[in-house]
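Since the structure comes first, as structure tokens, the remarks are kept for the end.
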Amino acid sequence: MVPERGADPRKIIHVDMDAFYASVEQRDNPELRGKPLAVGGAAARGVVAAASYEARAFGVRSAMPSVTAKRKCPELIFVPPRFDVYRAVSAQIRDVFAEHTDLIEPLSLDEAYLDVTQNRLNISSATTIAEMIRAKILEVTGLTASAGISYNKFLAKMASDQNKPNGQFVITPRHGPAFVETLPVNKFHGVGPATAAKMEALGIETGADLKERSLSFLQQHFGKSGLWYYQIARAIDERAVDPDRPRKSIGAEDTFAADIVDLETSLAELKPLVAKVWGYCEGKGIRGRTVTLKIKFADFQQITRSRTVAVPIELSDFEHLAADLLGSVFPVRKGIRLLGVTLSSLGDVLPPDQRQLRFEL
């Protein structure tokens, strides 16, 4: 397939640090190396923010309740997060990127897209640039990174997962469509468990199956996302690497295998969603003022509840507001199928003496 619109193929790299938070902790504390490690709180209501590869071997994952993680891996070691350290290391990594290009789109502290079609060192091979970047990151930080190289962002992201940890993978324009066709849809970036399950119920299990469906079929079943699925099934992604991409909100949601009808279970499911959103906020050094709760019931009716405060909130306020919003809809007459929480009205972190929760009247 010829790259988008007949243009010369772009050269996009997706760099993803390997188990970033956990790797920083193992780097700084030799006693933790080679051991199953979770960054997060070990308390009964704690949540795993990140897991080392040793912990992942036991099934421990980020956003997992700490009690569940400990059950899966009794020898799991918990350490509290040090976001100031992670941000400092991320700045070092960003400096390495800047040696090659200004077109850097950070996704979080530990991953970013780079467009190296034109680059500072005039190196024609994106594969070579990725190797140089990974080697320099290791030299500067003592940490390993993986990379995906391709001609668009979707494929570069998918490629970076292929040779983790400490590896890289290339998807060329010639091989892009075939790569997508063989990939299970539940491995597609941006296709969550609920969407993958819906696709599989429609007989769509691979990229090839997805490609067989018409645009109208996909839009009928997936709404506005149908066009996106139609394009990525054909290895098409025309999104530019955007260094100035504004983030208007940060959210997380989950669809449940069985409908939830009680408040206690709903609050337990809300906790890791709040933790996931907060982890991103900590990583970016930002806060928000508006908390929005989203609920989709078993009959697909959807409701939202929101609350805005005068100044950017801290984690305890976020947890409290989200729980209050959830409690306000109970008791419910029908089961909850999906739960989501979003933080918006984003801004930089305020000085500590200004972080008092003041509700708007």
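Even glycines carry a Cβ here, placed using N, Cα and C.
These come from Swiss-Prot:
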type	residues	note
DOMAIN	12-192	domain 'UmuC'
BINDING	Asp16, Asp110	Mg(2+) binding site
SITE	Tyr21	site 'Substrate discrimination'
ACT_SITE	Glu111	active site
Taking the Cβ of the residue listed as 'active site' as the centre, count every other Cβ atom within 10 Å, in any protein chain shown. 19
Round to a whole number and give the Cα-to-Cα distance in Å for the pair Tyr21 (site 'Substrate discrimination') and the residue listed as 'active site'. 12
Which same-chain residues, if any, lie at least 6 apart from Asp110 (Mg(2+) binding site) yet have Cβ under 8 Å of it: Asp16, Met17, Phe20, Tyr21, Tyr86, Ser90, Gly283
Looking only at the domain 'UmuC' (12-192), what is the mean pLDDT? 95
When the number of other CB atoms within 10 A of each residue's CB is tallied over all shown chains, which of the recorded positions Asp16, Tyr21 has the maximum? Tyr21
What DSSP gives for Asp110 (Mg(2+) binding site), in three states, is coil
Which three-state DSSP class does Tyr21 (site 'Substrate discrimination') fall into? helix
